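This report refers to the structure that appears directly beneath it.
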Ligand SMILES: CC(C)=CCC/C(C)=C/CC/C(C)=C/CC/C(C)=C/COP(=O)(O)OP(=O)(O)O
Ligand SMILES: O=P(O)(O)OC[C@@H](O)CO
Ligand SMILES: [Mg+2]
């Protein structure tokens with residue numbers, strides 16, 4: 001089926017312009033166990049306004065990524081499925097879109113441009129919607145899988161000017177989205193001070209993730225200016241957490257912030 005070319009960017013833009021908050025469920029192909037999710041869970045998801053499903057992992061490519069995406073789509077359509085690739089080998093035409101990221105918090109050319117070059121032809125041939133994304137690893141100095149894989153250090157929450165300059169450079173290079181990631185399973189999230197500053201200076205849709213395992217942390221991200229939060233690990237541990245987060249988001253969007 002031909003893809004709707006701007007389906008995902010339009011959905012994110014709508015959130016951003018309407019000051020509504022979004023939630024993305026990150027499914028890690030290396031860890032996802034289809035048997036851990038009941039049929040009832042998939043059915044209930046339809047009434048809960050999940051904004052996006054991200055699929056990706058820092059571990060190496062699983063050969064049946066296409067099958068996994070088909071499996072997810074059969075149960076969640078029309079929720080967009082977006083690739084969050086750890087490498088060019090995770091480009092998969094079954095998805096709707098790809099976060100076309102450059103790891104600009106680091107200085108490893110492999111993740112600044114080389115992976116992107118290796119992915120481009122496949123993406124061009126796939127018809128995937130491309131979401132040019134400035135990807136910054138930001139935490140309190142914790143080691144995470146992206147750090148291990150890319151060999152780059154995270155920026156520290158306290159390095160506010162450097163974070164802002166880096167994100168601005170991404171904007172000036174034409175990237176349309178900023179993703180501040182504390183890293184999968186991180187205990188120190190991106191600080192609210194950083195989220196606030198990036199949100200107010202950049203004025204681009206802002207994605208925040210990494211270690212968001214409590215409603216309180218998600219609330220803080222929303223209040224600070226995140227447009228879309230990404231949750232992976234905590235849903236792997238407890239799928240009902242996604243339901244809680246989506247109910248909370250609905251309440252936040254409808255009750256607390258009536259325009
Ligand atoms: C644009 C293309 C094709 C590739 C981009 C390649 C880049 C720049 C990647 C950024 C660096 C990187 C390795 C990101 C990984 C992102 C990711 C999918 C993280 C999720 O990590 P998990 O795999 O959940 O971590 P755990 O292993 O801790 O579960
Ligand atoms: O798995 P968690 O800790 O929720 O992090 C999600 C994502 O931001 C990691 O790249
Ligand atoms: Mg993971």
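The first residue you see is number 1, and the count goes up from there.
Yeah, the Cβs are placed from backbone N, Cα and C, and that goes for glycine too.
Automatic prediction, not curation, is the source of TrEMBL annotations.
Database features (TrEMBL):
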type	residues	note
BINDING	28, 58	Mg(2+) binding site
BINDING	179, 180, 181, 182, 183, 184, 185, 210, 211, 232, 233	sn-glycerol 1-phosphate binding site
Three-class DSSP secondary structure - residue 183 (sn-glycerol 1-phosphate binding site): coil
Cα separation, residue 28 (Mg(2+) binding site) to residue 233 (sn-glycerol 1-phosphate binding site) (Å, whole number): 9
Other CB atoms within 10 A, centred on residue 211 (sn-glycerol 1-phosphate binding site): 23
Cα proximity to residue 28 (Mg(2+) binding site), best match among binding-site residues 179, 181, 185, 211: 185
Sequence-ordered binding-site residues from 58, 183, 185, 233 with Cβ under 6 Å of an atom of ligand 1: 58, 185
Separation of alpha carbons, residue 58 (Mg(2+) binding site) and residue 185 (sn-glycerol 1-phosphate binding site) (Å): 12
Those binding-site residues in 28, 58, 183, 185 whose CB falls under 6 A of ligand 3, listed in sequence order: 28
Cβ neighbours of residue 179 (sn-glycerol 1-phosphate binding site) where a neighbour is any other Cβ within 10 Å: 26
Alpha-carbon distance [residue 183 (sn-glycerol 1-phosphate binding site); residue 58 (Mg(2+) binding site)] in Å: 10
